[in-house]
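First the structure, in the form of structure tokens, and then the observations on it.
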């Protein structure tokens, strides 16, 4: 590693950087050995691991307990949580701490069953694609049955090599030698498998892999952004042990962003201004770091010396300089807008001014007294409709004709039917908002966003330039749902004994829902029953 002409590649430093480095050094890199199944860097202590990930002490200690001592069999693990919550990084650094061999495959880069199977086999067979072998895999594997046979053979060879090396060395341990004979298979981004053509067979196959192999020296770890409830199927398999990674708290995010800061007091004063309002919208570290970078540069513009310790007067001056930039940045967290022409911008500004003149005082009444992202508003409306509307009317309310107002009445209702309907409405009103499953909420959310995108296209059909930004409404819905639950806009109800999944209930009143709908210019009354 000290020679510049033949640098060794650090294995799995991140999910992408290491693979990119390997691809650029195919000719000069050393041949793979059994030692390449470990992390590749010096092991770290448990204290270093805990200090590297603030707010994840409970999850790290739980993973250490579940993985157990060296050579101890384990049941499959299912690690889940929101995006950018540290799941993959902690798992990889965990194996650096334990110094145990593992195979990592991401379903994002391995976007088909064949690529996923061959990725696992290439690592176990110590095979690297390069020009010498025509960038071919060690084994061509398309069927799960072939994968099981190849996998069992490759795992047996690797485990026997580890056992032979440990027997020869005895108590003596060499640098880079793996600890134990267990081999762990890590499948990351498992939720993406549901988008594959053969997902109905691949997912049960992966969960059944532990029972199919029947090898106690093999451990399986699944990493997903969605909960285990979304993977239930009719095929029986041993359910993996769930390990949940909750969203970071505000204190955890402060510790994360304060790490490796040159001027900690200056950055702490900056976080005092921006962290709390941004945490109400997202708690993803990647999105927050992207938003904070230009804001901190703007925050430091009045300063000539970045090493200065700000006093109270300086903090007020810096806050006044940054304050006009906070609200536009909050709106861009979940909306990536493209550049539009000046003519289109002037047309939009003219429309806004004319609408303000028409609405007058009503516009001020309809404005929300708190900030909420566009996707969170649509999710809040979806939860409100799911709680207020009967589930049997979803198909008719969200049909292609566009809501309840477009349905034609075949005949006039009789007085008796009207009284019966009124009594049913009063009974529903006395019962209060109903509960709904996650699947129904997501279905209504998708319908509302599709209606919104269609209305936006109709309004801006005559505008010049390219208007964009609403394509990301379906992103991070589960994160938004968690934020709305934390804010008590949506509460979790009891689990249905038949479905076995968690149910939710909206606590928003109708006036609040109408105000949110008016801020989006969404026709809520067309989709609301009993209007």
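The backbone N, Cα and C atoms fix where each Cβ goes, glycine too.
In TrEMBL, the region 'Disordered' annotation falls on 404-426 of the listed ranges 381-403, 404-426, 427-449, 450-472. Per DSSP, the domain 'ORC5 lid' (267-319) is made up of 36 helix, 0 strand, 17 coil. Mean pLDDT across the domain 'Orc1-like AAA ATPase' (53-207) comes to 87 in this model.
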